[in-house]
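In Swiss-Prot this protein carries:
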TOPO_DOM  1-49  topological domain 'Extracellular'
CARBOHYD  9  N-linked glycosylation site
CARBOHYD  17  N-linked glycosylation site
CARBOHYD  22  N-linked glycosylation site
TRANSMEM  50-70  transmembrane segment
TOPO_DOM  71-91  topological domain 'Cytoplasmic'
TRANSMEM  92-112  transmembrane segment
TOPO_DOM  113-119  topological domain 'Extracellular'
DISULFID  118-198  disulfide bond
TRANSMEM  120-140  transmembrane segment
TOPO_DOM  141-160  topological domain 'Cytoplasmic'
TRANSMEM  161-181  transmembrane segment
TOPO_DOM  182-209  topological domain 'Extracellular'
TRANSMEM  210-230  transmembrane segment
TOPO_DOM  231-269  topological domain 'Cytoplasmic'
TRANSMEM  270-290  transmembrane segment
TOPO_DOM  291-305  topological domain 'Extracellular'
TRANSMEM  306-328  transmembrane segment
TOPO_DOM  329-377  topological domain 'Cytoplasmic'
């Protein structure tokens, strides 16, 4: 989302031209370049692409498994899982179409894929990130609705509705991302020789700040606040009895234990979902906001390192989503075991043995109690 602009591979001074978005890196064009003088090769030139490759591997495998499990098992085709599949699809598109191009920016001195790919990759990156944020918000609203209004949700919360909402999410994401097509372009720069850079070029600083502020609100602040609000309502609602319990101490105690257990599980899920999204996307969003609005901001190698780390954090979110939204759910775990039983043979065998041992112990205790009762009689 922000990686194609101002990715500096030099610790030397950055010269700002024009509106502040066009830049030259390294030596001036007038500087005499000695024979054999080449641009420096930093550790991040290979370390960052290696990290991105790991993200792609984990993310593609995890998200593909999520979609495969949902499509293979009929009982998994629920409204919530439809949103999860949509989220996995956005992550796959992001990982395949955006991450490889971003990874090349670190070992290469500039953009080499032309103006069309500059616009296309940046636009698709913005679309997928926007769709991810809106999908997360829709998932939170869906879970909140089914928790707070369980009876009403039986009529309105269907896979068909989830499909319609998902289509609207994609359409809205395409529309909201159109400014990228207008402002993303190839710009000339100089870094140990003339280079080309794929970056956003706005008519004025006001346009640039307005777009960055929109990105911060629509793609970070609003989803985080909405998710937090929805799950706060869920924590308050989950565990409350829908019917009055009978006057039975055992039932009251059992209900209390279930309430505490469910409330604890939902609270943990809230912490994971909100913190994961906030931690992964927060640094890059705040950095770009600071970069645009802070008047004394100075681009240098230190800020480049911070931005590189922030980009890695945001990209990693696409690989960890399946762990949180998929494999932490009991239904996904069961379906995954059914789909790949050969991976869980040892665990299933141990579970069966433990079950048989427990049954034998229960029968032994029951027999002992029966013998004791006969002796008393």
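A Cβ is built for glycine as well, from the same backbone N, Cα and C atoms used for every other residue.
Put simply, of 50-70, 161-181, 210-230, the stretch with the most CB pairs closer than 8 A to the transmembrane segment (306-328) is 50-70. With respect to Cβ pairs under 8 Å, the transmembrane segment (120-140) is most closely packed against 161-181, considering the stretches 50-70, 92-112, 161-181, 210-230, 270-290. 92-112 is the stretch from 92-112, 161-181, 210-230, 270-290 with the greatest number of Cβ pairs below 8 Å to the transmembrane segment (50-70). For the recorded site, residue 198 (disulfide bond), the DSSP three-state label reads strand. Counting residues of the topological domain 'Cytoplasmic' (141-160) by DSSP class, helix then strand then coil, yields 17 helix, 0 strand, 3 coil. Predicted-model confidence for the topological domain 'Cytoplasmic' (141-160) is 80, expressed as mean pLDDT. Counting residues 6+ beyond its ends, the topological domain 'Cytoplasmic' (71-91) has Cβ neighbours under 8 Å at 59, 63-64, 128, 131-132, 135-136, 138-139, 142-143, 146, 157-159, 161-163, 165-166, 169, 318-319, 321-322, 325-326, 331-332, 335, 338-339 in the same chain. Same-chain residues lying 6 or more positions outside the topological domain 'Extracellular' (113-119) and placing a CB less than 8 Å from one of its CB atoms are 4, 101, 180-181, 184-186, 198. Residues of the same chain lying 6 or more positions beyond the ends of the topological domain 'Cytoplasmic' (141-160) and with a Cβ under 8 Å from any Cβ of it are 77-80, 82-83, 226, 230-231, 233-234, 237-238, 242. With helix defined as DSSP H, G or I and strand as E or B, the topological domain 'Cytoplasmic' (71-91) counts 18 helix, 0 strand, 3 coil.
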